[in-house]
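Let me begin by presenting the structure, written as structure tokens, before commenting on it.
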Amino acid sequence: MGMSKSHSFFGYPLSIFFIVVNEFCERFSYYGMRAILILYFTNFISWDDNLSTAIYHTFVALCYLTPILGALIADSWLGKFKTIVSLSIVYTIGQAVTSVSSINDLTDHNHDGTPDSLPVHVVLSLIGLALIALGTGGIKPCVSAFGGDQFEEGQEKQRNRFFSIFYLAINAGSLLSTIITPMLRVQQCGIHSKQACYPLAFGVPAALMAVALIVFVLGSGMYKKFKPQGNIMGKVAKCIGFAIKNRFRHRSKAFPKREHWLDWAKEKYDERLISQIKMVTRVMFLYIPLPMFWALFDQQGSRWTLQATTMSGKIGALEIQPDQMQTVNAILIVIMVPIFDAVLYPLIAKCGFNFTSLKKMAVGMVLASMAFVVAAIVQVEIDKTLPVFPKGNEVQIKVLNIGNNTMNISLPGEMVTLGPMSQTNAFMTFDVNKLTRINISSPGSPVTAVTDDFKQGQRHTLLVWAPNHYQVVKDGLNQKPEKGENGIRFVNTFNELITITMSGKVYANISSYNASTYQFFPSGIKGFTISSTEIPPQCQPNFNTFYLEFGSAYTYIVQRKNDSCPEVKVFEDISANTVNMALQIPQYFLLTCGEVVFSVTGLEFSYSQAPSNMKSVLQAGWLLTVAVGNIIVLIVAGAGQFSKQWAEYILFAALLLVVCVIFAIMARFYTYINPAEIEAQFDEDEKKNRLEKSNPYFMSGANSQKQM
């Protein structure tokens, strides 16, 4: 064992200060990066929702698979301290690479605001995420155990309080990061053009991880550093493998059956190890249904965040970003854990109900299932507010009069009269085969026929400004703007080209009496500048939008005033989101309550039922259930392809209820044990065996005393 001089502070080893600060910074780094990851995939890399969800959950699964590797390295090779330092360096590099991958100007050679070589960003992102998964997962089983190693015998009370402080540091880091990094994301930054500031939002977590590493290394001289004692997981695997191989080797009836399949390892392994593995496998068997809970729980960062992008973030005077809704879980967990421990559980006990650990976990599954039912109800309400878009062989038309004359528009079954600078109330839907001709006219003028080839499944805007002057514009917006952003396009009624710059994005060379394509912006007031060679120098070229909310689309008409200066008129194409993000709070509340009675209880149950030297084995098994849960999401998201998102939520809720019933049946037949008593019995037996070997008269003397 590597020892250093012990320093204490109020009875606690001073070294744990460095470990707690390290954990706070590391959790800030991890959860801060993870909070914005799904929106980075959809907004910056432009993956669709299903692929983004799949990559997100693949990453999370890797983060919970690599703890096994970290435990192996620490126990059999480097020890906990060197493992934490080595993998923290890998972790920091991964965060830095991810931040670099999000720099738009890295490949934006033509300075148009979009990457010219998206594969470069994708490859860098995946390399960064792989390094992060190796780093965060590898140190996960080491840091808390290393903190526990710092205490002396007789400091059990301080050690227990340390784990409470450690858990608080985790939640504090998670809470702050999920508030701060989304705020950094919505800032505008860039060298040649301005975009959502992902480099800063990823860069701050990278800096915090570097701080975590530095703080941890600074405490090096105060730590107790135990040398690797051999990997118990390897011994467990070898014993199980030998038992299975030996059992199949003696399949014939000539060999008598043994009480337990692990008893076939007795030829090579001692009774104590076999008994300990039996305890572990009994708990591991109960772990089989548990991944389904995590399949639902970890969708907070994917599906639920994407759901929030279709909602309004205005809550009173506050404006909540979609990825900030995850802070609700972190806030509620800090509130609910003490309420459950100090109020709810004692109240249940006073009522005479034996609320065992496994019963609590089953209740947690039910609560998580209910949370997804609530999420489905919220999704149905969201779907009701969505505009109707053309399907199949349908086409939608909106007419916008950008001239100074009253115009009459004749469509199949529709006759519309529009005054100057006005539009139809909504998009009109037609069968594409029947929309062969649109007639436009004004009082005293001949009729002009519009016979353009309207593309099926598309929205079109018919710009008219005189009886024989029109322009058909394909909108290119056949769904609500994604990620809660707002679509803006401009129509030029000048007789010359104009260029408009808005928040770093350029609408270049919009031709006369034509429309630009939509560009997309986050919520807020956006400034824009109109430039043209024909605008007099005394004119004010700078304008502001009104306040953009979430998920809207607008057409801005640029027209000339009597003094030849430009002015702007606005028409709504798609209304803003109206279902408020606050409606997600009930589903977060139910899921958080489920987490308290499932996750916290599950860890306590695993610890209490594990032999002293195999608690790390069960910890690795517990983390493995999280990884498998994320793999389940991958399978469902990849294979389901539901046309309605609420249906996927209901499927997950139903699957978890079925799994809960199976788990309840399995738990019914589980017998709680006290590993300490079993190990004490082995200690007593081994002590007797040693006495027998050293004193052959030990048993005979004892027997003679019994006879006296």
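Yeah, the Cβs are placed from backbone N, Cα and C, and that goes for glycine too.
N408 is the residue among N354, N408 that Swiss-Prot labels N-linked glycosylation site. Membrane topology taken from Swiss-Prot puts K359 and N401 on opposing sides. Between the transmembrane segment (620-640) and the stretches 54-74, 83-103, 162-182, 199-219, 646-666, Cβ pairs under 8 Å are most numerous for 54-74.
As a quick check, the transmembrane segment (362-382) and the transmembrane segment (277-297) clear the bar of 3 or more Cβ pairs under 8 A, pairs 6 or more apart, so the two touch. Highest Cβ count within 10 Å among the glycosylation sites N509, N514, N562: N514. In this chain, the transmembrane segment (199-219) lies out of contact with the transmembrane segment (646-666); the count of Cβ pairs under 8 Å, excluding pairs fewer than 6 apart in sequence, is fewer than 3. Only pairs six or more apart in sequence are counted, and the transmembrane segment (119-139) with the transmembrane segment (54-74) gives three or more Cβ pairs under 8 Å, enough to call it a contact.
Of the Cβ pairs linking the transmembrane segment (277-297) with the transmembrane segment (585-605) and spaced 6 or more residues apart, 3 or more are under 8 Å, so the two regions touch.
The secondary structure of N50 (N-linked glycosylation site), as reduced to three states from DSSP, is helical. The DSSP secondary structure for N562 (N-linked glycosylation site) is coil. In this structure the alpha carbons, written CA, of N408 (N-linked glycosylation site) and N439 (N-linked glycosylation site) are 8 Å apart.
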